[in-house]
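**Student:** Below is one structure. I have some questions about it.
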């Protein structure tokens, strides 16, 4: 039984539902189409592809795997910057960080760079009721303290009331006292309000789906989940899925000899947690004691399984409301998270573990046949059920794709006009896209054909970047403010290699100097899939790299 709602939650829901009624009237006038597809966009925080559907044999994610079994799954999707606010603003506007000019958390793109349209704004302008639940935009300055309202949303976004406790002392330690720890399995009945943010977000999203079921207008619902973002604050029973004796270390837990210091992420954010501080770990390289490394990995995987239950409840409700046959579902993450690879933890780098993300699209009638009357595509699956079978993805693409392609792809799948490609420069253009339209991947001749889509992946490139304040790791290397950025690491990922150059950067002019090379990295994927052996030769310079930039 769900915990009783707070007065604040009931007030918000009442305001929202009354706003929906008002929005329905105005949006129906804008779009009288009754058969337009709805959109459910699920955005997860810090989720690398540690999922059964991506081949992870340890992680229990039956509900996300079930979604993938009816979907098109992209095996090689990459974020454009491995930190929350810049990545979210990038893919929600369809522009790269060098266009949004957001590399930190401290500016609002509409004021700082250009009045760029967003995905929900575009759907709203095309007759959709647009709704935000949980962490969609990063809260704060980077979304104008409003989650980009009123531009993007038909009414004010919802944030769970228990969100405010995420970084407070709610983790009960072995001493019986409460701490602000990294590892924070909890008894849900023992935490403030008797609930957790992602549980509240699921409940509110389901209530909105119930309201929209009878709507004459299509809806665009974005649901942002917090876990597995730190702190790892999740119901403690999920630890049982991952006994410590079954948890291995990262396959490459040492800092590679050839790694340039500028490329290293010193994981300062997790060092601030009380349980990590107690370990007295040296800065910047550590390492973290082996037994604690296992505990971090255990809690990350447990957080993923907890997240999976919330996704499962949301999709099961979509099914129960008979909306699965009229709703596109897109599932992704803002970036990945290192779990000890290269001696690193968290995001904040250009490595695959930080930039590689899940990207899954369910399109009714395209990626899967329409469900028969009474058929459930997404029945809730319990991750504690050991009898559950691993489900293979319905369709897969090995092509390299970027999160910046989410905007044109969702627009095209919904039958809206795909925004045009951006000119260079595009700061004056409100509606355009810098990502590719991925619609070609959804043109299936026969759902029974080879589930691996053909193509020439060597023609494709994914771009990422990360700023640094210094050539050597320091206290603000992970999250430098714009004024402190001295170096930008531009990274190209192809099917064959990852190539990164770290070049001088002028934060006042937002200008990279490719003749001022500080360091470089080159990893060949076939022979070095973990990216541990840097083959970069300083004589290669930045000329070739600059030619390959978008």
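Each residue, glycine too, has its Cβ placed from N, Cα and C.
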**Student:** Pick the one from 84, 422 that Swiss-Prot also lists for the Ca(2+) site with 45, 46, 334, 335.
**Tutor:** 84
**Student:** Can you check which of 31, 513 Swiss-Prot annotates as N-linked glycosylation site?
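**Tutor:** Cross-referencing 31, 513 with Swiss-Prot, N-linked glycosylation site lands on 513.
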**Student:** Rounded to the nearest angstrom, how far is the Cα of residue 138 (active site) from the Cα of residue 334 (Ca(2+) binding site)?
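**Tutor:** Rounded to the nearest whole number, the Cα-Cα distance is 10 Å.
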**Student:** Could you check which of the recorded positions (171, 184, 246, 280, 422) sits closest to residue 46 (Ca(2+) binding site), going Cα to Cα?
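**Tutor:** In terms of Cα distance, residue 46 (Ca(2+) binding site) lies closest to 184.
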**Student:** Helix, strand or coil at residue 171 (disulfide bond), per DSSP?
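**Tutor:** Strand, per DSSP.
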**Student:** Can you tell which of the glycosylation sites (144, 325, 537) has the fewest other C-beta atoms within 10 angstroms of its C-beta?
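**Tutor:** 537, out of the glycosylation sites 144, 325, 537, has the fewest neighbouring Cβ atoms within 10 Å.
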**Student:** Looking at the recorded positions 138, 171, 246, 325, 537, which has the shortest Cα distance to residue 432 (disulfide bond)?
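**Tutor:** Of all the candidates listed, 138 is nearest in space.
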